[in-house]
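Asker: Questions regarding the structure given below will be posed in turn.
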């Protein structure tokens with residue numbers, strides 16, 4: 001949901017851009033107005049409380065001391081500190097102390113390590129390919145919109161509105177039908193719309209061309225947004241920043257291809273359309289190799305990323321001829337993580353106390369049986 005909210009911010013910024021262009025009336029002034037607010041990002045380095053480091057990345061790279069400080073600041077700002085003296089605020093980090101030793105050294109990873117992997121680099125390549133298609137093929141659809149209105153604002157605002165609709169569509173459908181399925185649907189609709197416009201534009205009615213262009217523009221923007229969102233879930237935490245940078249760099253190359261077509265005054269448009277339509281069809285086969293990240297934990301290490309496998313194409317069903325003899329239903333687990341953490345911490349405190357609150361004393365008594373196996377009273381009587 002946070003990724004979709006950031007998508008709405010991007011759409012809102014594109015809606016404001018023509019207004020700033022009217023107010024500035026000069027290209028250098030508009031460029032300065034759009035660039036100067038980026039200087040505010042420098043405050044993230046100066047003030048850590050404004051934009052703190054990711055605790056997940058700190059723990060994945062074994063920076064335990066920084067992770068503890070970050071989590072303690074989070075708990076203090078959110079008011080999650082427990083006031084009971086038996087369970088102080090430090091007990092929230094007891095599980096970290098159990099898992100990580102005190103003398104552990106940080107382990108940093110780089111994007112170059114992807115050459116030693118088999119699954120992670122394949123997922124990164126496929127998602128970069130789909131983002132490249134989603135951004136590059138949009139020119140094939142917006143070019144048909146100039147027929148209905150010669151003004152620049154018509155195609156621009158229509159593209160921005162379809163981006164907002166694509167973002168809303170992903171908010172509604174991705175959690176229900178899965179990331180991989182919706183990415184596959186967006187690639188299929190994009191490829192079909194592009195192929196129909198490529199082969200039948202001169203035979204179709206003008207209204208149908210407009211509908212296919214809008215549908216293709218909507219699906220291509222959904223394909224681009226979902227590729228970035230899917231990459232942020234599939235890529236491991238230790239290399240997530242670098243791999244997302246590679247994926248988004250491929251998207252920038254696609255946008256540059258569209259800009260080059262406009263600079264060349266539509267020269268080579270047919271070849272551009274053929275190449276991206278073919279790539280859209282090829283991406284349908286590539287997306288089937290991706291894993292599904294719906295309702296699954298984020299991978300942290302490279303090993304977790306390598307364990308991700310694509311789901312089967314067809315769900316296996318139990319044969320009616322060989323039903324199981326006993327059908328067991330899994331019982332709901334009663335394990336409570338917070339209570340277990342508090343129990344471990346309280347036990348540690350009780351074991352590490354020097355002086356116990358009470359002392360168990362055992363009074364010396366005569367043994368019930370002597371060494372020869374007879375009771376002591378019996379010996380007295382016999383004597």
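Keep in mind that glycine also has a Cβ here, set from the backbone N, Cα and C atoms.
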Asker: Out of 63-86, 87-110, 207-230, which range is noted as transmembrane segment by TrEMBL?
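Answerer: That would be 207-230, the stretch labelled transmembrane segment in TrEMBL.
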Asker: Same chain, outside the transmembrane segment (237-257) by at least 6, Cβ under 8 Å from its Cβ: which residues?
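Answerer: Hits for the transmembrane segment (237-257): 54, 56-57, 60-61, 107, 109-111, 113-114, 120, 124, 127-129, 131-137, 139, 224, 227-228, 231, 272, 298-302.
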Asker: Going along the chain, which residues at least six beyond the ends of the transmembrane segment (124-141) come within the CB cut-off of under 8 Å?
Answerer: 114, 159, 183, 186-187, 190, 193-194, 197-198, 213-214, 216-217, 220-225, 227-228, 230-231, 234-235, 243, 246-255, 257-258, 261-262, 272-273, 276-277, 279-280, 283, 286-287, 289-290
Asker: Using a Cβ cut-off of under 8 Å, list the residues of the same chain at least 6 residues beyond the compositional bias 'Basic and acidic residues' (298-309) that approach it.
Answerer: 56, 59-60, 109, 113, 117-120, 123, 233-239, 291
Asker: Mind tallying the compositional bias 'Basic and acidic residues' (298-309) by DSSP state, helix then strand then coil?
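Answerer: Computed counts for the compositional bias 'Basic and acidic residues' (298-309) are 5 helix, 0 strand, 7 coil.
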